[in-house]
C-alpha cells in the first residue's frame, strides 16, 4: 500500500518551491534521477523568485465540505494519488491551489474535468495513462503555474496550455514532434522538462520555441544526433545528456550565450570544433562525461567563469599544461572547484602540477584508475 504524504507537507513544499523552482525535493522529486544537481543559486538558475508567487494567506486552512471520496483535503491541497482513479474526480473545492492526481489510471482529460478550479496553482498528473486531452481541458485554469504530466502516453504536447504556466514537465511520454506555435502565448514559461521522449532533431519544427523566454530546458534521453539550433536564446540551463550527439560544430552554440550550465554527458561526442565554446562567456558548469573525446576540448582557458568540468569516462590520453588554465594570472575570474578526469587512459603521473594552477584545491581534481 503506497505511503500517503501528509497534507501539511504537501502545502509546505508548494510554498517552498517558489524560492527554487527548478530544484525538486521530496514530493516534487518525481523523475530527475540522472545525478546532475540543479543550480541552486538564484543567479545561476535565472529563476525569478518574486513573480507569480501566491500570497501565503492563500494557504490559510479552509473548511470546505467538498472533498472527493477517498482523497485527503486540507490547506487548499487536494491529494488523490494512488487511488486507482480512472477519471478526474468531481466535487473538488473551487479554492483548491494544489491538486495531486499522480499514480492513478486516468487515460483522458475531458472538457469539464477542471471546471471551476480557477485558483489552481499546481496540477500533478504524473504516472497515469493519459493519451487524450480535450482542447479546452485546461481553459478554466487561469492561474495554473506548474503542470506535471510526465510518465503518461501522450503523443503530442497538449494544445491551449494556460498562458499563466511557468513550469511544464512532460518527460517520459511518446512525443515525437514539437510543432510551430504549440507554445504560443506562454510568455511566463521559464522551465520545460521534455526528456525521455523519442524526439529526433527533425521533430522540432522551425519556430517551435518562438516567443518563449526559457531559463531551463531538458531534452535528455531522446534521439538527438546534434545540438538543436532553434532553442530559446534566453536559456541559462540546457541539458541534452543521454542522446546520440556525435559532434559539436562551430555554430551549434552560437545562440546560447547566456548559458550557465550545459549538460552533454552520455552522448557519443568525438569532436568539439575549435572555437565552439567561445560563444559561452558566462558558462560555469560543463558536463562532457561519458563520451568519446580523445583530448580536452579547446577553449576552456578562455571561459573566465567556468568552475566545473566533467570529462570522466572518455578516451583522453593526454592533458596539456594549458588545457584548463589561461596563461598568466588575473585572467580567470572564477577558479575551478571541480575537474573530473577519472576513467580516462591518462598517465596521471605525467600531468604537470602547473596544469591545475587555477584550481581552488587539489581535492577538486578527480583522477582515477583506467580499466580498458
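Backbone N, Cα and C define each Cβ position, glycine as well.
Over in Swiss-Prot, the protein carries these features:
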SIGNAL    1-19  signal peptide
CARBOHYD  45  O-linked glycosylation site
CARBOHYD  51  O-linked glycosylation site
DISULFID  67-73  disulfide bond
DISULFID  71-80  disulfide bond
REPEAT    86-106  repeat 'LRR 1'
REPEAT    107-130  repeat 'LRR 2'
REPEAT    131-154  repeat 'LRR 3'
REPEAT    155-175  repeat 'LRR 4'
REPEAT    176-199  repeat 'LRR 5'
REPEAT    200-224  repeat 'LRR 6'
REPEAT    225-245  repeat 'LRR 7'
REPEAT    246-269  repeat 'LRR 8'
REPEAT    270-293  repeat 'LRR 9'
CARBOHYD  274  N-linked glycosylation site
REPEAT    294-316  repeat 'LRR 10'
CARBOHYD  315  N-linked glycosylation site
REPEAT    317-346  repeat 'LRR 11'
DISULFID  325-358  disulfide bond
REPEAT    347-372  repeat 'LRR 12'
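Distribution of Swiss-Prot features across the structure.
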residue	record	DSSP (3 states)
67	disulfide bond	coil
73	disulfide bond	strand
80	disulfide bond	coil
274	N-linked glycosylation site	coil
315	N-linked glycosylation site	coil
325	disulfide bond	coil
358	disulfide bond	coil
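Residue 325 (disulfide bond): 20 other CB atoms within 10 A of its CB, across all protein chains. Among the glycosylation sites 274, 315, the residue whose Cβ has the fewest other Cβ atoms within 10 Å is 274. Neighbour count (other Cβ atoms within 10 Å of the Cβ, all protein chains): 20 for residue 71 (disulfide bond).
When each of the disulfide-bonded residues 73, 80, 358 is scored by how many other Cβ atoms sit within 10 Å of its Cβ, 358 comes out lowest. Checking each of the recorded positions 274, 315, 325, 358 against residue 71 (disulfide bond) by C-alpha distance, the shortest gap belongs to 315. Cα spacing between residue 274 (N-linked glycosylation site) and residue 325 (disulfide bond): 16 Å, rounded to the nearest whole number. For the repeat 'LRR 8' (246-269), residue counts in helix, strand and coil come to 0 helix, 5 strand, 19 coil, using DSSP. In this structure, the C-alpha atom of residue 358 (disulfide bond) lies 59 angstrom from that of residue 67 (disulfide bond).
Of 67, 73, 80, 315, all annotated as recorded positions, the residue with the shortest Cα distance to residue 325 (disulfide bond) is 315. Distances between the Cα of residue 315 (N-linked glycosylation site) and those of the disulfide-bonded residues 67, 73, 80 are shortest for 80. For the repeat 'LRR 3' (131-154), same-chain residues at least 6 beyond its ends with a Cβ under 8 Å from one of its own Cβ atoms are 17, 30-31, 52, 102, 107-111, 113-125, 160-162, 164-175, 188, 193, 196.
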